[in-house]
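Engineer: Copied straight from Swiss-Prot:
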TRANSIT   1-86  transit peptide
BINDING   R125, G155, D176, S223  S-adenosyl-L-methionine binding site
MOD_RES   K144  N6-acetyllysine
MOD_RES   K150  N6-acetyllysine
MOD_RES   K197  N6-acetyllysine
BINDING   E224, E227, H228  Mg(2+) binding site
REGION    336-370  region 'Disordered'
Amino acid sequence: MWRGGRLGSRGVRLLETLGFGCPSAVAQPPRLTSRSAYSGTQLTRNLQIKPWELGEHGTMCFRSYRMALSCLSRVKTYRTPWKRLYSTSQTTVDSREVKNFQALAHTWWDEYGKFAPLHSMNDLRVPFIRDNLLKTSASHHPGKPLSGMKILDVGCGGGLLTEPLGRLGASVVGIDPVAENIKIAQHHKSFDPVLDKRIQYKVCSLEEAVDESAECFDAVVASEVVEHVSHLEMFIQCCYQVLKPGGSLFITTVNKTQLSYALGIVFAEQIAGIVPKGTHTWEKFVSPEKLESILEPNGLSVETVAGLVYNPFSGYWHWSENTSLNYAAHAVRSRAQEHQEPAESALKGETGALHANTSGSPSVREEQRT
């Protein structure tokens, strides 16, 4: 590399002093070092050299070197607030979950593939949704019992549940943050002209749908979704906002128990391969009690909770009184006048009590007579 030639012995010594290598040294394998680590070790050591030890030309190099380092540190400080602003923005979408489902998007409609349990679950969850909606509906249409109803399918995936609801007559909007899932769903519904008119798919999150669909839906379906979201309470609040007063929320999910960890993750994912590895995170599982404690304060009254059990040998689901594994929940949004803010209710209570006390006093009664 560098020899005595043009640089001269003085220039070579200067380069060696600044840490750019020694021509006579044996070449060492490169070391991967981050920029911050390098700045804290090599550059700091070099900057400890006294300017008068370098001579006139060395002092100029030293000053230029220090100025460049100062500029780099300023750039870093300007970037920090933007990074912090981005990282603190809240969303119900977990980016790690998105990556998992991106890799599985092409297998949605394989009835014997990775999503076989979801195909089989339709035998229970579709009637569960239909029957509970009919309890609140005044009109019934033979053959199309959900005709006239508008349903939001959150986390619709490839449309496994969206299409059966559309066949029952409902107008269904399926949303999913994974673009690959929506492409698969769009392609599959195109084979049925009737479904093509009744079903609409969008690549978006639930909180994005709130902006344009407040109080628009008769029902919101979140089947096998809440165990994949971040900020569960924010997710429930968004469900409330897009529902019409008196609308229904349907949730199927996994309970947070030792049994659900043993069977839902260890057996189903790691041993039997019924579910792809990494599909579930036990810390995100939610118990019926925990779910109800979030639903009720947010204006959603729980009507039904029922256990679901999957038989991996037959490939079928059945209802159960045991909710320690999977369960389905149906909640109804309260009417506008029924769901008052706590502060408003307390204020009305205090006003009523004050009125009762004042009207009961002798002086007030005397004034009322006159």
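Including glycine, each Cβ sits where the backbone N, Cα and C put it.
Here the structure is a predicted model, which means the values were calculated and not measured.
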Engineer: Nearest to R125 (S-adenosyl-L-methionine binding site) in three-dimensional space, by Cα, is which of the recorded positions K144, K150, K197, E224, E227?
Structural biologist: E224
Engineer: Within 10 angstroms of the C-beta of G155 (S-adenosyl-L-methionine binding site), what count of other C-beta atoms is obtained when all protein chains are considered?
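Structural biologist: Total other Cβ atoms inside 10 Å, all chains included: 26.
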Engineer: I'm trying to understand the geometry here, so how far is the Cα atom of E227 (Mg(2+) binding site) from the Cα atom of K144 (N6-acetyllysine), in Å to the nearest whole number?
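Structural biologist: Cα-Cα, rounded: 31 Å.
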Engineer: For G155 (S-adenosyl-L-methionine binding site), which of the listed recorded positions (K144, K197, E224) have their CA atom within 10 A of its CA?
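Structural biologist: Hits: E224.
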Engineer: Could you tell me the C-alpha distance between K144 (N6-acetyllysine) and K197 (N6-acetyllysine) in angstrom, no decimals?
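Structural biologist: Per the Cα atoms, K144 (N6-acetyllysine) and K197 (N6-acetyllysine) stand 15 Å apart.
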Engineer: Let me check the 10 A CB neighbour count of K150 (N6-acetyllysine). How many other CB atoms are there?
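Structural biologist: So the Cβ neighbour count for K150 (N6-acetyllysine) comes to 16.
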Engineer: Consider the recorded positions K150, D176, K197 and say which one has the Cα lying nearest the Cα of H228 (Mg(2+) binding site).
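Structural biologist: Closest by Cα distance to H228 (Mg(2+) binding site) among the recorded positions K150, D176, K197: D176.
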Engineer: From the centroid of the CB atoms of E224, E227, H228, the recorded Mg(2+) site, which same-chain residues not already listed sit within 8 A by their CB, in sequence order?
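Structural biologist: Going along the sequence, the neighbours come out as G155, V225, V226, V229, T253, V254, H280, K284.
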Engineer: Does DSSP give K144 (N6-acetyllysine) helix, strand or coil?
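Structural biologist: Going by the DSSP assignment, K144 (N6-acetyllysine) belongs to neither helix nor strand, so it counts as coil.
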